[in-house]
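Record features (TrEMBL):
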type	residues	note
ACT_SITE	D:Glu60	active site, proton donor
BINDING	D:Asn47, D:Val48, D:Glu49, D:Asn50, D:Val51, D:Ser52, D:Tyr53	substrate binding site
BINDING	D:Cys58, D:Cys93, D:Cys96	Zn(2+) binding site
DOMAIN	D:6-134	domain 'CMP/dCMP-type deaminase'
4 protein chains.
Amino acid sequence: MNKELQQVEFLRQHAKQASQKAYAPYSNFPVGAAILMKSGEVISGCNVENVSYGLSNCAERTAVFSAIAQGYNAQDIAAVVVYTPGDKAYAPCGACRQVLAEFLANDTLITSTSERQMRQWTIEELLPDAFEFDVEAFRKPS
Amino acid sequence: MNKELQQVEFLRQHAKQASQKAYAPYSNFPVGAAILMKSGEVISGCNVENVSYGLSNCAERTAVFSAIAQGYNAQDIAAVVVYTPGDKAYAPCGACRQVLAEFLANDTLITSTSERQMRQWTIEELLPDAFEFDVEAFRKPS
Amino acid sequence: MNKELQQVEFLRQHAKQASQKAYAPYSNFPVGAAILMKSGEVISGCNVENVSYGLSNCAERTAVFSAIAQGYNAQDIAAVVVYTPGDKAYAPCGACRQVLAEFLANDTLITSTSERQMRQWTIEELLPDAFEFDVEAFRKPS
Amino acid sequence: MNKELQQVEFLRQHAKQASQKAYAPYSNFPVGAAILMKSGEVISGCNVENVSYGLSNCAERTAVFSAIAQGYNAQDIAAVVVYTPGDKAYAPCGACRQVLAEFLANDTLITSTSERQMRQWTIEELLPDAFEFDVEAFRKPS
């Protein structure tokens, strides 16, 4: 197994373990995610659902939010791996793609895994022509 | 001007008018959207922001939610046009792509317009390999 | 029946009808909402769910977003009525309370109804000590 | 200083430190939160905003999502403290209240702090008559 695949498998184990901590009583679909920081640290996330479905948060976003809260920045992220239950490796939803796009470089790989599948993308492949709003250009003059 | 461009221009006028109704005091970035239904009706939306930024809603989603509330279904949507201020035509964010993906057929065009640009995509181009969760497969046995 | 109850019953019929347009395949919980504008117009909303649960939108928010998109403002809202299926009249979720708080005056009544219950609140009762962020105070000097 | 206030001050320091890690380029309003687990561990969170404002996440939710991802459950939470910049201690938004309501017991105190203020509530005080949806009652028969 080459080095890249070894790293994905290592992160997949973290993501799978994180999926066991998921709070998913509404979908019964526990997902885990693991972000490898360039420092070598792994930060995990799981989905955390809510009785008001719209306030549910996915595993990918939980991991990103945790990483930022632990002091990491955009340039610190080396790789993202997701684990979804079942045979099929599910791709991130649009909301997660948008949150990942705020922080990921385009050479950072996002890998989705299951027990039987593995799929890989860059963020540009997942969210082509990403929305990039120029805050300053629309700032109200004070 | 061919028929397709005439339709886009017609919808762009609706979207631009909708952008004037936007509630965007936090970003100062008023966006409008117009959905053409196959019935010929046009349903418009604008962004509606919130002091808690995370509860803000984009123009595209406002238009989709309104269309559903007026009794339309996935198969009723003929075209989606967005209007963003400034020179650049901004692409929809990931959240809007995910909501559009729930309802749009892949031959439905999504057009973003500004005063000087026009860009077009299918939903598959905006959200490749979309997340498709099989609810039934993960339903808890009762 | 007094005038206030007649108005609630009138809006409850609108909200119930809107609930029949709900897109709720994930929760099987179709909700409707109806907002009475001071102009006399009624704007309805339903919940619109998404396969990525976190992108689901509630009926109350759909109605508010639609009203803004149709050109109404905060001061135009006279009453909000929600219809939830089953015996129990469910209260709005925290996200909807936050969105309602952006637009409702404190003497505007929010009424939740079902086939057998009716409950009423002001927004201050639903969201006491609401978050009120002073954007200008934290604007970055340019 | 009594024991309760000492604990709040201890958590306020954690929350303030977390606020320095906030990613808040759009609001310029960096917020921190700290959750004390019954095990004694403190889990921190900060707001993580997004160019698409609606995908922004507040500090309180970042902390809750992180705690769940680290294996904690509803019954493990002892206290929640928020730190907001400026003189005024801001109360949690409706979305955060809804997410906290999913996990907090009613005797768990939520404290908001700034450099000059301190305010305390139970979740029932912040989100009275919380939305409680009975998933099983509305499950589609299979």
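Going from the start of the chain as shown, residues are counted 1 onward.
Each Cβ is built from the backbone N, Cα and C atoms, and glycine gets one as well.
Annotations in TrEMBL come from automatic prediction, not curation.
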*Over all shown protein chains, what is the count of other CB atoms within 10 A of the CB belonging to D:Cys96 (Zn(2+) binding site)?*
32
*For the binding-site residues D:Asn47, D:Asn50, D:Ser52, which Cβ has the most other Cβ atoms within 10 Å, all shown protein chains included?*
D:Asn47
*Measure from the CA atom of D:Ser52 (substrate binding site) to the CA atom of D:Cys96 (Zn(2+) binding site) and give the result in Å, rounded to a whole number.*
19
*Close in space, distant in sequence - D:Tyr53 (substrate binding site), Cβ under 8 Å, 6 or more apart*: D:Tyr26
*Which value does the mean pLDDT take for the domain 'CMP/dCMP-type deaminase' (D:6-134) in this predicted structure?*
97
_Using DSSP and collapsing to three states, where does D:Tyr53 (substrate binding site) fall: helix, strand or coil?_
helix
_Residue counts (helix, strand, coil, in that order) that DSSP gives for the domain 'CMP/dCMP-type deaminase' (D:6-134)_ = 45 helix, 30 strand, 54 coil
*Name the one residue among D:Cys58, D:Glu60, D:Cys93 whose Cα is closest in three-dimensional space to that of D:Asn47 (substrate binding site); these are the recorded positions.*
D:Cys58
_Quick test of understanding: given the recorded positions D:Val48, D:Glu49, D:Tyr53, D:Cys58, D:Glu60, D:Cys93, name the ones whose C-beta is under 8 angstroms from chain C._
D:Cys93
*For D:Glu49 (substrate binding site), list the number of other Cβ atoms lying within 10 Å of its Cβ atom.*
24
*For the binding-site residues listed here (D:Val48, D:Val51, D:Cys93), which one has the lowest count of neighbouring CB atoms within 10 Å of its own CB?*
D:Val51
*Which of the binding-site residues D:Val48, D:Glu49, D:Tyr53, D:Cys58, D:Cys93 have a Cβ less than 8 Å from any Cβ in chain B?*
D:Glu49, D:Tyr53, D:Cys58, D:Cys93
*Identify, in sequence order, the residues in the chain of the residue listed as 'active site, proton donor' that are 6 or more apart from it along the sequence and have a CB within less than 8 Å of its CB; answer 'none' if there are none.*
D:Ala33, D:Gly45, D:Val80, D:Val82, D:Pro92, D:Cys96, D:Val99, D:Leu100
